[in-house]
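One structure is given here, and the rest of the page talks about it.
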Amino acid sequence: MDVNPARIVFNKMHTLEDVDKEKLPQHVAIIMDGNGRWAKQRGKIRMFGHENGVESVNQTVESCAKLQIPFLTLYAFSTENWNRPKTEIDTLMKLLVNALKRELKTLNKHNIRLRAIGKIETLPSKVYKELTEVMSKTENNSGMTLTLALSYGSREEIKTAVQQIATKVKNNIISPENIDETVINTHLYAHFLPDVDLLIRTSGECRISNFLLWQIAYAELYFIDVFWPDFRENHLVEAILSYQNRERRFGKTSEQLN
Ligand code: IPE
Ligand code: IPE
Ligand code: MG
């Protein structure tokens with residue numbers, strides 16, 4: 001029986017050298033989950049988990065840049081996360097502002113362009129200002145595109161696109177027969193991103209939580225039982241190795257691909 005590549009058990013610590021550079025996923029998206037449980041396990045408050053998650057972000061961004069993955073998208077704050085206690089939201093926003101301030105240099109050093117998807121105008125003004133500043137100061141970088149999903153919800157993204165297209169139909173800018181997948185895609189926040197190739201979620205939860213619903217139509221999914229603050233380069237490599245061991249058929253038969 002074939003080994004299910006999604007369930008390969010790794011018995012050694014993998015490094016970036018183990019990755020096949022010819023078969024890199026072009027777009028990796030990550031649902032960074034489990035900060036709260038990581039902290040709770042240590043008898044600490046949730047904020048402690050968020051603080052420690054920042055290092056995982058830094059290391060993951062750096063590893064993906066070294067591998068020359070063209071697009072990395074990180075789910076940092078969902079539309080539903082606004083329903084969390086205000087103190088937790090405030091801490092997350094503060095961590096975000098500090099990280100943006102601190103990491104501008106690193107982004108430029110690695111030639112990374114920062115972009116964002118989501119209803120970013122609803123973020124606190126300090127965050128919005130810092131975010132737009134870092135985005136404009138990195139817009140000429142030609143290496144990896146790092147996209148932060150902030151105040152992001154996929155249904156909201158699709159709803160907004162439908163509203164914009166409906167307005168264009170009403171104003172005779174576009175006719176209904178001409179609405180195709182490309183037109184829909186151009187109206188999404190993530191219009192500048194290709195489809196997701198590999199979606200990783202940490203913390204053991206096996207759900208999508210309103211992330212990139214349109215863009216993951218044919219993504220390979222990888223769920224890992226590690227809380228986000230413990231996520232390191234070897235975990236990233238294992239996810240990519242699992243991806244590289246899969247056959248992406250896009251509806252065809254295996255024979256057709258060969
Ligand atoms: C992910 O960790 C961070 C955000 C959603 C902002 P969580 O805060 O969701 O941690 P758990 O899932 O409660 O452990
Ligand atoms: C998803 O994690 C959102 C982010 C990682 C930013 P959640 O922790 O909010 O997801 P649910 O509520 O467990 O599905
Ligand atoms: Mg969570």
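Note: Cβ is positioned from N, Cα and C throughout, glycine not excepted.
In the three-state DSSP scheme, ASP33 (Mg(2+) binding site) falls into the coil class. There are 22 other CB atoms within 10 A of the CB of ASP33 (Mg(2+) binding site), with all protein chains counted. Residues or ranges marked as Mg(2+) binding site by TrEMBL: ASP33, GLU220.
Here TrEMBL flags ASP33 as active site.
Listed in sequence order, ILE30, ILE31, ASP33, ARG207, LEU221, TYR222, PHE223, ILE224 are the same-chain residues six or more apart from ARG201 (substrate binding site) with CB atoms under 8 A from its CB. According to TrEMBL, the substrate binding site annotation covers 34-38, ARG46, HIS50, 78-80, TRP82, ARG84, ARG201, 207-209.
Among the features that TrEMBL reports, active site, proton acceptor is placed at ASN81. Within the same chain, the residues at least 6 positions away from ASN81 (active site, proton acceptor) whose Cβ sits under 8 Å from its Cβ are ILE89, LEU92, listed in sequence order.
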In three-state DSSP terms, the structure that HIS50 (substrate binding site) belongs to: helix
Of ASP33, HIS50, THR79, binding-site residues neighbouring ligand 3, Cβ under 6 A: ASP33
GLU220 (Mg(2+) binding site) and TRP38 (substrate binding site), distance between Cα atoms, whole Å: 26
Neighbourhood of THR79 (substrate binding site), C-beta criterion under 8 angstroms, separation at least six: GLY118, LYS119, SER151, TYR152, GLY153, GLU156, ASN210
Local Cβ density at GLU220 (Mg(2+) binding site) - other Cβ atoms counted within 10 Å: 20
Secondary-structure category, per DSSP, in which TRP38 (substrate binding site) falls: helix
